[in-house]
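Participant: Take a look at the following structure, please.
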Amino acid sequence: MQFLTAVSPQSSSTPSWKIETKYSTRVLTGNWTEERRKFIKATEKTPQTIYRKEYVPFPGHRPDQISRWYSKRTVEGLPYKYLITHHQEPSQRYLISTYDDHYNRHNYHPGLPELRTWNRHKLLWLPEKADFPLLGPPTNYGLYEQLKQKWLPPPEATLRESIYTSSYPRPPAGAMSRREHAIPVPPPRLQPVPHF
């Protein structure tokens, strides 16, 4: 096996008067900026993407529908009926909010004992108040119905009113001050008005 050693182009034996600059073959000459931007298509082989190389298609393969179904079920979560229904109680019976329970009803709940016990196995105070929601109609003091009656026009009204017109109704006629006029009296220096 023969090893080649790189020889310096200007060795120490070269006289100084023969020293000439050596140019590289990779010197950029001519229209190198324009030629650099030209697209040269690889004719020997079309370049392959990573996806095409690593993921080979299988023509007879069918997707696994069962795993798709399980993943879809996991992403969607529980259906609406399992989230809203509680002990098969109708949803309009337990719409009392926690705020209303704490501040207006003062934690009054007839179904729960006054003192809860500590469960050492579950590490919880039982019974939990969240498991036994307050049953009853929602407390909404009629504000929603009042605003709904104000916002929605009566069914017999066909003309659409603007928000300004509906917000500022016309006051009744009795609220306005009546304009009263004095009886005109002619000045005395003029001729008297003839009477017939």
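Cβ atoms are placed via backbone N, Cα and C, with glycine included.
Pulled these from Swiss-Prot:
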COMPBIAS  184-196  compositional bias 'Pro residues'
REGION    46-61  region 'Mn 1'
REGION    96-108  region 'Mn 2'
REGION    168-196  region 'Disordered'
Participant: Average pLDDT across the region 'Mn 2' (96-108)?
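Facilitator: A mean pLDDT of 74 is what the model gives the region 'Mn 2' (96-108).
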Participant: Using a Cβ-Cβ cut-off of under 8 Å, list the residues of the same chain that are 6+ residues beyond the ends of the region 'Mn 1' (46-61) and lie near it.
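Facilitator: Contacts with the region 'Mn 1' (46-61): none.
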Participant: What are the helix, strand and coil residue counts for the region 'Mn 2' (96-108) according to DSSP?
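Facilitator: Across the region 'Mn 2' (96-108), DSSP assigns the residues as follows: 7 helix, 0 strand, 6 coil.
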